[in-house]
Amino acid sequence: MSDGAGAAARRWGKCGGRSCSRESIMVAFKGVWTQAFWKAVTAEFLAMLIFVLLSVGSTINWGGSENPLPVDMVLISLCFGLSIATMVQCFGHISGGHINPAVTVAMVCTRKISIAKSVFYITAQCLGAIIGAGILYLVTPPNVVGGLGVTTVHGNLTAGHGLLVELIITFQLVFTIFASCDSKRTDVTGSIALAIGFSVAIGHLFAINYTGASMNPARSFGPAVIMGNWENHWIYWVGPIIGAVLAGALYEYVFCPDVELKRRLKEAFSKAAQQTKGSYTEVEDNRSQVETEDLILKPGVVHVIDIDRGEDKKGKDSAGEVLSSV
């Protein structure tokens, strides 16, 4: 066996088997196996559980009427907004206070958290939503449970309309989150949690009659699991996630790009341009067309070949007269 083949075999022995897979997984999930990380995951689970229990509980219709009154819509909107503001204030310093899979996906797309971390976050959020909705179902009398706050598109609207509405209201929510939590800003003096809560409340005031105003895939997922109602459920994942990614990308890369990121991108583009250009720098050459037809470039020296006379006329060194700089 040759030395190259032997080296390849040794590498395969180390990285081709089960041990390499284990090491690769450990590297991919670096930072996950810490106490702080699991505290953050638990915080997302608990925050979502409480949020769904309190906010979805406000949608329970105790009066027996088919449609909620305008005053009830205001109550629902305020309950959702104040609930999320409270949870962000309580758990924001532990987990970042995502409490929304769409927000977590936006954070991944803007390189604020890792993909591995987002997987655990979204799983915890969905489990919290299911348990929160389950507790609400258990403590609510059967005759008033109704749909348990399952989000549905209005009967006069198509799925496309619902998708667009969810995209828009989630866009404004996530843009508010990025703008309020921007560490580069020095003009933010109010409560970040309250700003996020107001954004959620505004989205509900506008969109309750359209789609139920989800803005949060986990919030829709929990009641849907408990009630087994999956009608147009995909809208409440696709719409919010697209809106969140658009908002995060626009804020981070267009409106308020990070200075360090801009510098790195500029350096990368400059380096790529230099590599594409090559080792020679073009300069103006005032010689006649006949004289420059056969120009051979060598590092530091220019040679002109006169075909008629078969002579090799050596040009001046680039240090003496600039013909081409290397």
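Here, residue 1 is simply the first one shown, and the rest follow in order.
Just so you know, glycine gets a Cβ as well, placed from its N, Cα and C.
Secondary structure at Asn156 (N-linked glycosylation site), taken from DSSP and collapsed to helix, strand or coil, is coil. Around the Cβ of Asn156 (N-linked glycosylation site), a 10 Å sphere holds 7 further Cβ atoms from the protein chains shown. Under the heading N-linked glycosylation site, Swiss-Prot lists Asn156 (among others).
In the three-state DSSP reading, Asn209 (N-linked glycosylation site) counts as helix. Residues near Asn209 (N-linked glycosylation site) in space but far in sequence (CB under 8 A, at least 6 apart, same chain), listed by position: Met73, His154. Annotated N-linked glycosylation site per Swiss-Prot: Asn209 (among others), in sequence order.
Within the chain carrying the intramembrane segment (97-104), a Cβ under 8 angstroms from the stretch's Cβ atoms is held by residues 44, 47-48, 51, 84, 87-89, 91, 113, 118, 121-122, 125-126, 170, 174, 177, 193, 215-219, 237, 240-241, 243-244, all 6 or more beyond its ends. Positions annotated as intramembrane segment by Swiss-Prot: 97-104 (among others).
Sequence annotations record features per position, and here Swiss-Prot assigns intramembrane segment to 212-225 (among others).
Residues annotated as S-palmitoyl cysteine in Swiss-Prot, with similarity to another entry given as evidence: Cys15 (among others).
The annotation S-palmitoyl cysteine is assigned in Swiss-Prot to Cys20 (among others) on the grounds of similarity to another entry.
DSSP classifies Ser114 (phosphoserine) as coil under the three-state reduction. Swiss-Prot lists Ser114 (among others) with the feature phosphoserine, giving similarity to another entry as the kind of evidence.
DSSP gives Ser183 (phosphoserine) a coil state; it is part of no helix or strand. Proximity of Ser183 (phosphoserine) to non-local residues of its own chain (separation of 6 or more, Cβ distance below 8 Å) is seen for none. Swiss-Prot lists Ser183 (among others) with the feature phosphoserine.
Sequence annotations record features per position, and here Swiss-Prot assigns phosphoserine to Ser279 (among others).
Summarising the annotation, Swiss-Prot assigns phosphoserine to Ser288 (among others).
Residues or ranges marked as phosphothreonine by Swiss-Prot: Thr292.
Marked as phosphoserine by Swiss-Prot: Ser324 (among others).
Among the features that Swiss-Prot reports, topological domain 'Cytoplasmic' is placed at 1-39 (among others).
As annotated by Swiss-Prot, topological domain 'Extracellular' applies to 61-72 (among others), with the evidence given as a curator's inference.
Sequence annotations record features per position, and here Swiss-Prot assigns topological domain 'Cytoplasmic' to 93-96 (among others) based on a curator's inference. The DSSP breakdown of the topological domain 'Cytoplasmic' (93-96), given as helix, strand and coil counts, is 3 helix, 0 strand, 1 coil.
Feature annotation from Swiss-Prot assigns topological domain 'Cytoplasmic' to 105-118 (among others).
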Pop the Cα-Cα gap between Ser114 (phosphoserine) and Asn156 (N-linked glycosylation site) into the table, whole Å please.
41
What are the DSSP helix/strand/coil residue counts across the topological domain 'Extracellular' (226-234)?
2 helix, 0 strand, 7 coil
Stretch with greatest number of CB pairs under 8 Å, the transmembrane segment (188-208) reference, 40-60, 73-92, 119-139, 159-179, 235-255 candidates:
73-92
For the transmembrane segment (159-179), which stretch among 40-60, 73-92, 119-139, 235-255 has the most Cβ pairs under 8 A?
235-255
